Amino acid sequence: MKSGISRRADRAALLGTRCGRRVGAVGAIVGTLAALSVGPAPGAAAADAQSRQWYLRPMQTEQMWKVSTGEGVKIALIDTGVNPDTPSLKGQVLADEVPKSVAYRATDDYSGHGTSMAELIAGTGAEGGLRGLAPGAGVVPYRVQLEGLKDGADKDRTPYAWQALRAAADTDAKIISMSFGGMYSEDSKAAIKYAASKGKLLVAAVGAAGHPDMPAAHPYVLGIAAVDSSYTVTKSSEISSQGYADLAAPGKSIPAWCDQTFRSYCDEAGSSQATALVSAAAALIWSAHPDWTVNQVTRALIDTASRSWPKDKPSRYVGYGFIRPRIVLANPDYDAGAPDIDPLAKVNGGDLLAKSADKAERASTSPTPSASDRSPTPDGASTGGTSATGASAESADDSTTLWIALGVTVALVVIGGAGGAVLRARRSR
């Protein structure tokens, strides 16, 4: 089924919301956190947090960390700020590397959201705190106009998301993680194109509650959907009814700081958490292959994702499937393809990423078979049979498809009737 839904600027009138709250100003990404589809569960002691990170074991993190911890990779985290003094984040936050123009209170977090995302990315797990998927990576915190600002004066000095994004593009951070959503603006569009031209991997949460949130809907941004511990996708998985998920990751019943007091963790759910984990997965891969370009890292994420449908027909629920960075890390000779070819060129609508690759150091391409030929496929999991290059704009009709994730068979489930169905629309320009 071909979608007629566009990702063009005619969405400017639509604003993504979190629990009915809006913040920001005209002419900017009006940011709303994509963190919760339901309210947080009662707080639990920090010592119990790791036991509730249900995805660590099935993703085989201990095996992955023998190959890569994300060391040497910096992730620009555009969010509510990051508290660098939680036990799990001590030594992990690169606050001194935030550009001065957007550095206002970057280490103040009045909601706990940004700090939680940072721990999911790079937490050490010290004193029972969250263990990040890429504990060797460094997090560069950006505090922008999202929820939790103290007052008007605080807001006036806090940068917009697009300003932070543009500033981050001029740094050596390879990945820019954005667990929020908002409305379209020309400023955000320009900032995203600028960051993409610099070879950055842009990762963002898909819209909550059926709203077409930016920046995930923009070309050159990977939109991330969430799945729960049974790997079931439901209506409450924060997948927009407009549809623009490219990949999926764990995002349900995941511990996060309950509030700005940083005393206890609550179970939260949404594409915010999934976005942080995809950013961390990319850091693991990029650390193991530091000469790769953004095109190769993106292609590796797509080609090794778990799915049971053809790769050239992305799911309208979870895009190319559930991330499996361990498949890349398990193969030291993994072939990620051409460094200067954007695997999503057709849906991105241009060769901007190819041009950015021309400016980067090229990886040496060894004459090895493609990932689908060489990569192991444990537990009967399918990685699809075709390259991500030239992905079709057609949507797979997979509302009843069974897919394989981490060795278990998973049903894609949509709650509700036709009005609740989740549609997928690839980007158009």
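Backbone N, Cα and C define each Cβ position, glycine as well.
Curation plays no part in TrEMBL annotations; they are all automatic predictions.
For ASP79, HIS113, SER272, the entry in TrEMBL reads active site, charge relay system. Here TrEMBL flags 356-394 as region 'Disordered'. According to TrEMBL, the compositional bias 'Polar residues' annotation covers 363-375. For 402-423, the entry in TrEMBL reads transmembrane segment.
Counting other Cβ atoms within 10 Å of each Cβ, the active-site residues ASP79, HIS113, SER272 show the lowest value at HIS113. For the pair HIS113 (active site, charge relay system) and SER272 (active site, charge relay system), the C-alpha distance works out to 9 angstrom.
A gap of 10 Å separates the Cα atoms of ASP79 (active site, charge relay system) and SER272 (active site, charge relay system). DSSP assigns SER272 (active site, charge relay system) to a helical segment in the three-state reduction.
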